[in-house]
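*Asks:* Dumping the structure here so I can ask a few things about it.
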């Protein structure tokens with residue numbers, strides 16, 4: 001059955017099934033090994049997101065080495081960052097079949113391989129394949145499990161846990177920029193990429209730390225003590241999720257039939273294996289191979305069934321209207337966050353603020369405050385009287401207001417204040433997995449969040465070129481902020497409209513029943 005917000009602690013008023021049961025909490029949920037998961041996710045954000053934030057160092061080296069245009073060379077880092085997010089839905093398939101731990105370990109190897117092969121690049125197009133695609137796919141295979149595992153291990157303090165783990169992006173931006181700059185100066189960019197590939201193998205260690213919870217531990221962890229505002233909001237959003245739940249992601253009878261068929265296949269293999277002990281060694285090896293292939297087939301079929309049903313089945317995630325609105329929001333949100341990093345140098349140069357900006361760059365203000373924003377917004381969201389959804393919306397409104405106001409600022413102090421607000425409000429990125437889990441449940445967090453980061457990846461790929469195209473037409477950076485800000489506002493309006501629709505539908509239905 002489809003996992004709704006009931007599975008993560010929300011109370012919909014139906015206590016007939018679980019209200020009278022007292023479940024012994026698992027020590028590893030919200031404590032114990034859960035903090036090792038946060039550490040693992042923190043290191044993943046340093047090694048992946050931090051490295052991608054520092055690609056400007058390598059971009060300068062590639063420009064000197066290959067003598068290509070800036071636009072063509074910039075596609076190397078854009079591909080790596082975009083593909084890391086765009087492959088999210090397909091990584092959800094790997095997680096359904098192999099689990100988070102194996103997916104992350106394979107991704108760590110692939111990411112390291114991409115860095116190492118890029119050290120032997122002879123042209124920019126070679127880097128498209130080795131760094132943009134290979135390292136990008138590997139990064140995606142580690143990034144999504146790192147986010148999903150934190151969501152599985154935390155219930156009461158999910159927002160704080162996600163906030164702490166995602167601060168690795170800010171720390172990584174500082175650490176990896178300094179490291180790559182040092183390595184390029186001392187050893188050259190090729191050896192620097194080779195060394196960075198070796199460092200990236202630590203992603204496999206981070207993946208090994210992602211110890212999975214058993215199904216019973218994931219399902220039975222229900223914490224009734226929730227804040228009233230979140231409960232009320234859950235009721236407001238529950239109609240779309242309950243509709244999906246009533247349909248079911250996989251029909252229980254069909255699922256039982258498939259499991260029975262799979263068990264029969266494995267039982268038959270085991271009977272043949274037990275009856276063939278007296279046979280030759282070759283036959284025994286063949287039976288072992290057959291058994292392994294059968295088990296692998298069962299795992300793949302089950303994982304693909306869950307993945308396919310989440311996207312294309314009768315109870316697809318896309319039947320959840322609030323989640324669809326969340327996807328529309330994600331298509332516009334990430335590009336609006338990137339725009340200031342692109343045009344701030346031009347703003348500083350136009351208003352003759354270069355001397356002040358060199359002392360303390362405005363982009364550094366955004367990065368530093370962004371770290372604190374993630375943690376503080378996570379702490380606020382976990383307060384008993386605060387709704388995560390409301391904090392998420394308020395942060396979005398603050399960010400879009402700053403994007404629209406920034407072109408009007410003409411002094412360093414005013415720009416610094418706006419940049420600080422941008423950095424703090426953009427800390428809502430740590431709340432995205434929490435909001436996604438609230439919408440679809442823990443069971444489908446991997447597939448759902450894969451779609452969200454895919455939308456962010458499309459935004460990251462198309463947003464900067466779109467802003468550059470607007471600048472080429474208008475010869476003013478102002479319009480880039482205004483247009484992207486308005487598109488961002490459209491996404492926020494989608495988030496506001498859908499919960500109102502969900503509130504009206506149950507009321508209309510109850511009115512019709514009363515008339516009958």
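Cβ coordinates come from backbone N, Cα and C, glycine included.
Curation does not apply to TrEMBL; its annotations are automatic.
Below, the features straight out of TrEMBL:
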REGION    1-23  region 'Disordered'
COMPBIAS  1-20  compositional bias 'Basic and acidic residues'
TRANSMEM  33-55  transmembrane segment
DOMAIN    37-503  domain 'Major facilitator superfamily (MFS) profile'
TRANSMEM  75-96  transmembrane segment
TRANSMEM  103-121  transmembrane segment
TRANSMEM  127-148  transmembrane segment
TRANSMEM  160-180  transmembrane segment
TRANSMEM  192-210  transmembrane segment
TRANSMEM  322-344  transmembrane segment
TRANSMEM  359-377  transmembrane segment
TRANSMEM  389-406  transmembrane segment
TRANSMEM  412-435  transmembrane segment
TRANSMEM  447-467  transmembrane segment
TRANSMEM  479-497  transmembrane segment
*Asks:* Within the domain 'Major facilitator superfamily (MFS) profile' (37-503) only, compute the mean pLDDT.
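*Replies:* Averaging the confidence scores along the domain 'Major facilitator superfamily (MFS) profile' (37-503) gives 77.
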*Asks:* Which range out of 75-96, 103-121, 389-406, 412-435, 479-497 gives the transmembrane segment (127-148) the most CB pairs under 8 Å?
*Replies:* 103-121
*Asks:* Are there residues at least six beyond either end of the transmembrane segment (479-497) with Cβ under 8 Å to its Cβ atoms? List them, or say none.
*Replies:* 322, 325-326, 328-333, 335-336, 339, 342-343, 393, 396-397, 399-400, 403-404, 406-407, 463, 466-467, 470-471
*Asks:* Short question: which residues 6 or more past the ends of the transmembrane segment (192-210) have a Cβ under 8 Å from it?
*Replies:* 36-37, 39-41, 43-44, 47-48, 51, 58, 100-105, 107-109, 111-116, 118-119, 138, 142, 145-146, 149, 179-180, 183-184
*Asks:* Determine whether the transmembrane segment (75-96) and the transmembrane segment (447-467) share at least three Cβ pairs under 8 Å, counting only pairs 6 or more apart in sequence.
*Replies:* yes
*Asks:* Decide whether the stretches the transmembrane segment (33-55) and the transmembrane segment (389-406) have at least 3 CB pairs under 8 angstroms, with pairs required to be 6 or more apart in sequence.
*Replies:* no
*Asks:* Determine which residues of the chain contact the transmembrane segment (447-467) at the Cβ level, with the cut-off under 8 Å and only residues 6 or more beyond its ends counted.
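*Replies:* Same-chain contacts beyond the ends: 78, 81-92, 96, 143-144, 147-148, 151, 306-307, 310-311, 317, 323, 326-327, 330-336, 338-339, 342-343, 432-433, 436, 439-440, 480, 484.
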*Asks:* Same chain only, please: residues at least 6 beyond the ends of the transmembrane segment (389-406) with a C-beta under 8 Å from a C-beta of the stretch. Say none if there are none.
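*Replies:* Distal contacts: 229-230, 233, 329, 333, 336-337, 339-340, 347, 377, 380-381, 415, 418-419, 421-422, 424-428, 431-432, 435, 438, 481-482, 484-486, 488-489, 492, 495-496.
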